[in-house]
Amino acid sequence: MSSPQKKHRNAKKQCNKEFSSSYTLKNHERVHTGEKPYSCDQCGKTFKSVDKLNLHKRIHTGAKLHQCQECGSAFLSKGHLKSHYQRFHSGEKPYSCEQCDKAFVTSTELKVHQRYHSGEKPYSCEQCDKAFVTSTELKVHQRVHTGEKPFSCDQCGKAFSQRSNLKTHFLIHTGEKPHHCDECGKDFARSESLKFHKRIHSGEKPYQCRHCEKTFTSSTAHNKHVRIHTGVKPYRCEKCGKRFTQIGQLTIHRNIHTKERIYPCEQCGKIFTTSTSLRRHERIHTGEKPYHCDQCGKDFARSGHLKVHKRIHSGEKPYHTVRKLFLLYRTATAMNEHILE
């Protein structure tokens, strides 16, 4: 009678998956650690397993053996061809989520999706203990610690840690702002920016602090605030080990080592040369308007805007034109428009 098969489990308890051999467990653990010990001697690319390295080597030999009859795309394995066909040609999504009815092409995609319902986050960052649903999310997050920015703009050279951030940044060069506010007509480059902006009109602050009941328009602002109560400092400087509650603080701190002075916006990634400029910009996201008109009660995000507004009440028109000395205008913009007439 054969003895029961020994189960091998991850010692760090990063997930509950079990394996029949220590070899397959070791291969699996590289999913969590990100280790890629197998290197291609032709191009230097690294892989988690020998099998993946061998598949990759066919790129150099030209051996693309499995071809799609629908579109002609070639693949290194039958599995890749099958996944491709199901995803792009069959229209079939046989794996449905029982909790939200979302459907998927493969059982693996469904399994990953279900983690969003269960709260399971098997991929942990060793630097700050933050956990993620997918290995891709972990990889992107780790760039916070390494400072890696692999996606660069071919127009201005600015680099980003995520492709989506580069895509959004590129709209600065094209001038495109496809997201429109129906309330005030303002246009935005990012859908997220429009979403946050709309809360200025609605007054909605859906994120509430459980410690002091303060409310926020965005989850980012909420999470940043909560760390005041918890004292958690998830962002660690790889140079000196100092820890911070906010990624913006870490970025600013890094300038001590690099001798640069920059102030990044955590919400949209925009960079400022002074902390004052950053604080003023952040009011776009928070909707904060700290400058109050005592005469009519209107609030403003900037002191300059309040100053200009007060001229409506005072009747002051301080700007003279060169050609019409006695015509006065409330703002420099109005004066400049007149000069150009």
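In case you wondered, yes, glycine gets a Cβ from its N, Cα and C as well.
Noted in TrEMBL for the protein shown:
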- 8-37: domain 'C2H2-type' (DOMAIN)
- 38-65: domain 'C2H2-type' (DOMAIN)
- 66-94: domain 'C2H2-type' (DOMAIN)
- 95-122: domain 'C2H2-type' (DOMAIN)
- 123-150: domain 'C2H2-type' (DOMAIN)
- 151-178: domain 'C2H2-type' (DOMAIN)
- 179-206: domain 'C2H2-type' (DOMAIN)
- 207-234: domain 'C2H2-type' (DOMAIN)
- 235-262: domain 'C2H2-type' (DOMAIN)
- 263-290: domain 'C2H2-type' (DOMAIN)
- 291-318: domain 'C2H2-type' (DOMAIN)
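Tertiary proximity for the domain 'C2H2-type' (95-122) is limited to same-chain residues at least six positions away from its ends with a CB under 8 Å from its CB atoms, namely 14-15, 32, 83, 86-87, 131-134. Between the domain 'C2H2-type' (123-150) and the listed ranges 207-234, 235-262, 291-318, the one holding the most Cβ pairs under 8 Å is 235-262. For the domain 'C2H2-type' (66-94), the predicted model reports an average pLDDT of 79.
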